[in-house]
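Colleague: Below you'll find the structure I mean.
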């Protein structure tokens, strides 16, 4: 199997996985985060959140300096020591937030789709929606390559909206609480593969990878991991992978950071 000592990368979703979906608590995972940090194992956060939000969380969690995947893979924040890589400190995949916003405004105006984006409201409203402080809510609006929205139309109209976005080279992705529009070329899996390849190029050896997630939008990330933890989540659809070999995939009984801890216990403590 694998051990905490060998070259290893841990990729983790945030809301509903490392963070509690409601309280944003992460303390049940704290002992494992400390052990991984002491073993120099990078814990690479992957989320629909903005890089500004995630850099704040990195500091809170004691994970500064390592790369992270923001906006569902449309943004890669590079590791501090990767300053020689083109694009430092961030790599943007596909078209910009501003360009996507223009597309959405046109679709809403001409085809009358009903939705509310984070750009339509102020930080106080987002704080009410999310339970975040206003200062943290302000960070959620600093998108660089995606748009976050609340869908307010029918399922039939959603199918039409998704089709129109696909025609325009965009994708519509469901997150833990909100929907996200980003370039069709972007994804957590592509971003993770790029980071893995970069670590391999720098060290001369491909690291073993472990991924943790709780929602359907985490499936592409977990598919490209060597080992995966599917944290019990609130989403009705759940997470379904092509390869669910029990030697590779563990489904937790607990939710959020307690499930995160359970997954690490399964793959490391028992061996």
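Keep in mind that glycine also has a Cβ here, set from the backbone N, Cα and C atoms.
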Colleague: Quick check on the annotation: Swiss-Prot has 13, 15 binding Mg(2+), so which of 189, 214, 226, 243 does it put in that site too?
Modeller: 214
Colleague: According to DSSP, which of helix, strand or coil covers residue 15 (Mg(2+) binding site)?
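Modeller: In three-state terms, residue 15 (Mg(2+) binding site) counts as strand.
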